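Have a look at the structure below, then the notes.
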């Protein structure tokens, strides 16, 4: 190779070792991949069908895995028994609890929901009478006129909203095929996750290059710890919130207090937005009864928010994911728009897992790439040139 060729090769090598150029190349490759995937979208149709069929049982199995795995590990070490024995025992207890819930809790929730729908017209009538009395004074004449003109439209909208929500819930729970697939398959998936879940990552690592195995295992451990802490913490917070709301609603005499408390606990699984969503049905029911009850329910929500923000969440959940609230809202809105209910429920942990992967891949790239050697040398030279203050 002559001097001119060596110079060209050296210039090309310096060009490739430029961090800005590499960032542009990586961005371009990502855009090309997204474009190509969009063009061959039909290829992934079978994958989407499979995920729609088995996605729910896999998600449910992973949630129960993170809840039950610590107990399996503890009992296995404490009593020196096999994991299979512990898992079978847990399955028996879990099946008994599910059976009790199906026999007792679900019929009660159904009756409460039907009763709420039946009493909806009377609640609306009492609210309308109170609003007419309140806004009949001269200073509220314009508001009263607007309410009279739009009373039928408002009542129709609220009724359609309530019945529409009920129909959606009925359709969701009435999709027997998906429910049966989930009930039958998730215990099987959960069993093998609890039995062999710890062996999956080391098995996959054997197929990776030697220099990638340790970063891969480190990333897997971090993701597992974060997912476990988030799921356990979020479910614990939701349970405590449900109990606090139940105590508050029952103490102020709110109709359907237990039903609304259970709904509030379930909605609390949605970070940040869940508490505000839970406030809406409780305030509507309270407003239908009396203004004083509405005020009491607002006080209950205020006390609950203070206790949840200052005591419950810091103790049970902490800052396990360390995600900014604005980022949380953006993730919830975007994941909900793309994936619906499961997107809202799993958008935050999914983002956290992706964040861990990106950070660890970047750190591995920094440790293996020549692009950052010059930066390290500059820092070392600056540190060596610092004046001695002694």
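Glycine too: its Cβ is placed from the backbone N, Cα and C atoms.
TrEMBL assigns the feature transmembrane segment to one of the listed ranges (126-148, 149-171, 172-194), namely 172-194. Cross-referencing 283-303, 346-366 with TrEMBL places the feature transmembrane segment at 283-303.
When the ranges 208-230, 323-345 are checked against TrEMBL, the one recorded as transmembrane segment is 323-345. Among the residue ranges 49-68, 369-388, the one that TrEMBL annotates as transmembrane segment is 49-68. Contact count against the transmembrane segment (283-303) (Cβ pairs under 8 Å) is highest for 235-252, out of 235-252, 258-276, 323-345.
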